[in-house]
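Peer 1: Mind looking over this structure? Questions follow.
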Number of protein chains: 2
Amino acid sequence: MPITLTTTQPDFDARFTALLGAKREDSPDVDAAVAEIIADVRTRGDQALIELTARFDRLELTAERLAFSPEEIAQAIAQVSDPERAALELAAERIRAYHARQMPEDAQWTDKTGATLGWRWTPVSAAGLYVPGGLASYPSSVLMNAIPAKVAGVERLAVAVPTPDGVINPLVLLAAQIAGVDEIYRVGGAQAVAALAYGTETIAPVDKITGPGNAYVAAAKRRVFGRVGIDMIAGPSEILVIADRNNDPDWIALDLLSQAEHDESAQSLLITDDADFAQLVIKAVDRRLETLERRAIAGASWRDYGAVIVVRNLDEAAALSNRIAPEHLALCVSEPQRLADQCIHAGAIFLGQWTPEAIGDYVAGPNHVLPTARSARFSSGLSALDFLKRTTLTRMSPEALHATGPAAETLAQSESLEAHGLSVRARLDHLNR
Amino acid sequence: MPITLTTTQPDFDARFTALLGAKREDSPDVDAAVAEIIADVRTRGDQALIELTARFDRLELTAERLAFSPEEIAQAIAQVSDPERAALELAAERIRAYHARQMPEDAQWTDKTGATLGWRWTPVSAAGLYVPGGLASYPSSVLMNAIPAKVAGVERLAVAVPTPDGVINPLVLLAAQIAGVDEIYRVGGAQAVAALAYGTETIAPVDKITGPGNAYVAAAKRRVFGRVGIDMIAGPSEILVIADRNNDPDWIALDLLSQAEHDESAQSLLITDDADFAQLVIKAVDRRLETLERRAIAGASWRDYGAVIVVRNLDEAAALSNRIAPEHLALCVSEPQRLADQCIHAGAIFLGQWTPEAIGDYVAGPNHVLPTARSARFSSGLSALDFLKRTTLTRMSPEALHATGPAAETLAQSESLEAHGLSVRARLDHLNR
């Protein structure tokens, strides 16, 4: 049974705060081990990768076999069924179309002083995408990371994916191919992040690393941050469903369970303005949990971190949602757009009962890499912008320098930066001659 | 004497690579001390801030005196001279105008399946700005950090600035007032970052922290990253000037020294296609170094990290610039726009001889908080976007779900996420009834 709260309870606020603050993830301290692995890869390159892969993935490689060959890729993806291939292609097309619209415009203008100002966006030259192996090896995540990079114009996109005991999910290779990935390496863990950041004899270094991973991968990304860019460090997944009584309780239960089945640390929250409906959803969840394949995981998540909150009205729901800042926010209410306008902190919003969150995981088009753990307060899901950077442009005319230079000189003097002031003054003196 | 290289030297590439890789900064390992300070502030709140401020800044505070009062602010800024106030106001106006153009548009569209997709930008609710005390206390940096936040619509903007021995730069307070800062606290170091991230009895927590600082501040920002958003971790400043012979060597020397005078670890590089001009600039630098106020700092930076590179032509200059990915790139050549198009990795580009880099530090309009240490390969200067986050929006119609749902179901099955598939299937079954 998940926690059930109502905003009319006298101690609601304390209970809600406790729910918000609940730690859902053990972060094992792997930092020392990761530091050692990174140093090893920096020093010994390919040889370190080969030894670490033998140790962690029980796989004997050579430098030549670090990368999947075109033949290996072709052979693996030949096993993919036609419906799976078609589904990946549909997803890729829709993700591409959505992210293409994110491409920002360059700008340049001349202001009244005669200064020409602007900015220019350019893609990162090379990006690396980490793809987990084993259970959490999701082809949809390959699309969600790789397509924005290619839309942004990244020339070289390398994937690193561990293949424990040599096993690879053919759908991951197909997704990489559909997305236009250029290189695929069978290395994982902190060693893969180190190789992408610093390069080895075989793997050229990249400028930006994205993609999910375990505690080792997360710690490695945190360590190489600065040397390369990274995306967010993602925590366990979350959904908040706000639903009124005009919903099928089973649909809402399945939306909650879609999140819960990811991970025992996932969190599924329901806010409703109808206490009876809340009970119907709880019953529907229990019923589905009887047969669900991943019922052990989903049940643990729902029991330990699930919560149902009954509110007086939807304004209260919006206010609570803003304190939660959910990764996924599903609005199953009669006027979802109105409620969405009030919910200002959320990674992704799904409007209306015909928009199950799962549609966003695969085929809707927006990215499914989203800010977790309340970080939607200050960050955004992955986008084409994450693979672009902006250069500011300034061109002063003599007139513009004449108009603004004296102020720059004054500020330079007040900051005791004499050369700054002189670099302006020398030019102004020339103009005033 | 700085290093002098020419691309015709047989060992040029090795020397250039060594120059690129030169470590310019000692990073003292303060992480353990910072972890302790953060834990202390989290546990004891205001009291920890008061004790740490007494210890590090030799200043006795009370909880009531953590924030500057309106009277204290008014009294301090009354000391600012009229030209300084006017210069700050001109700078603020120009920075505001530039950053206002960065505000991105929301989008919403309906695709051929009937799915309504889009995104929405919203500001971070509360931001904290760290301002160093003492020597590196730059009012221009207050404007450069605070104005983008206010342009983005941040409601609550708090500044933390240490006041060693109680000393505050009145221009910092005036800049904060002009920029619309809401709260100013006289705390610094890791304790200030901890207070902004976690909150104390007096200081409400923020969602994003920006601003430069020493090794303690940088380590603290790295540690609270995730709890709150942070801007970049900035390294020592750099400039690359690409100049042809048609320049006054003294102007170029002053541009190089503007960077060198910041810090002994700063780096000033000149690339020119004229060996004689290179010698003239080196002589001009030496001449200016005889009298410059900060000649000890600027001289050490130029001697230890400065470099002059003679190239065969400007195409070579652009290629080297792209390997450097400079924070500041000044193009003092006859066709600067053409060269700018080739220089794809740079934080900010200054075009033409009338655009000294110092103009960008103060009054041009673009931000002076820029990516250092080659990170312009993957990151951008501070902007209004850093104080906004994007929520993706998805609304499926029954028709859109009908068109895309089966593919989502297929992918969910292939990822063994049954509830994901069922949440789509339950709705499709209803539609097919």
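From the backbone N, Cα and C atoms, a Cβ is placed for every residue, glycine too.
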Peer 1: If TrEMBL says A:Gln259, A:His262, A:His328, A:Asp361, A:Glu415, A:His420 bind substrate, which of A:Ser237, A:Ser380, A:Ser383 does it name for the same site?
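Peer 2: So the substrate site in TrEMBL includes A:Gln259, A:His262, A:His328, A:Asp361, A:Glu415, A:His420 plus, from the candidates A:Ser237, A:Ser380, A:Ser383, A:Ser237.
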Peer 1: Near chain B by Cβ (under 8 Å): which of the binding-site residues A:Asn214, A:Ser237, A:Asp361, A:His420?
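Peer 2: The binding-site residues close to chain B are A:Asp361, A:His420.
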Peer 1: Fewest other CB within 10 angstroms, which one of the binding-site residues A:His328, A:His420?
Peer 2: A:His328
Peer 1: Between the Cα atoms of A:His262 (substrate binding site) and A:Gln191 (NAD(+) binding site), what distance do you get, rounded to the nearest Å?
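Peer 2: Computed Cα spacing between A:His262 (substrate binding site) and A:Gln191 (NAD(+) binding site) is 26 Å.
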Peer 1: Give me the CA-CA distance between A:Glu327 (active site, proton acceptor) and A:Tyr130 (NAD(+) binding site), in Å, as a whole number.
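Peer 2: Here the two Cα atoms lie 21 Å apart.
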Peer 1: I'd like to know which of these binding-site residues, A:Tyr130, A:Asn214, A:His262, A:Glu415, is least surrounded, judged by other CB atoms within 10 A.
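Peer 2: Each of the binding-site residues A:Tyr130, A:Asn214, A:His262, A:Glu415 was scored; lowest Cβ tally within 10 Å is A:Asn214.
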Peer 1: 10 Å Cβ neighbour count around A:Gln259 (substrate binding site)?
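Peer 2: Its Cβ shell of radius 10 Å holds 33 other Cβ atoms.
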Peer 1: At a 10 A cut-off on CB-CB distances, which of the binding-site residues A:Gln191, A:Ser237 has the highest count?
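Peer 2: The most densely surrounded of these binding-site residues is A:Gln191.
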Peer 1: Where does A:Gln259 (substrate binding site) sit in the DSSP three-state scheme?
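Peer 2: DSSP call for A:Gln259 (substrate binding site): helix.
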Peer 1: State the Cα to Cα distance, in Å, between A:Tyr130 (NAD(+) binding site) and A:Ser237 (substrate binding site), rounded to an integer.
Peer 2: 18
Peer 1: Restricting to the chain of A:Asp361 (substrate binding site) and a gap of 6 or more, list residues whose Cβ falls under 8 Å of its Cβ, or answer none.
Peer 2: A:Ser140, A:Ser258, A:His368
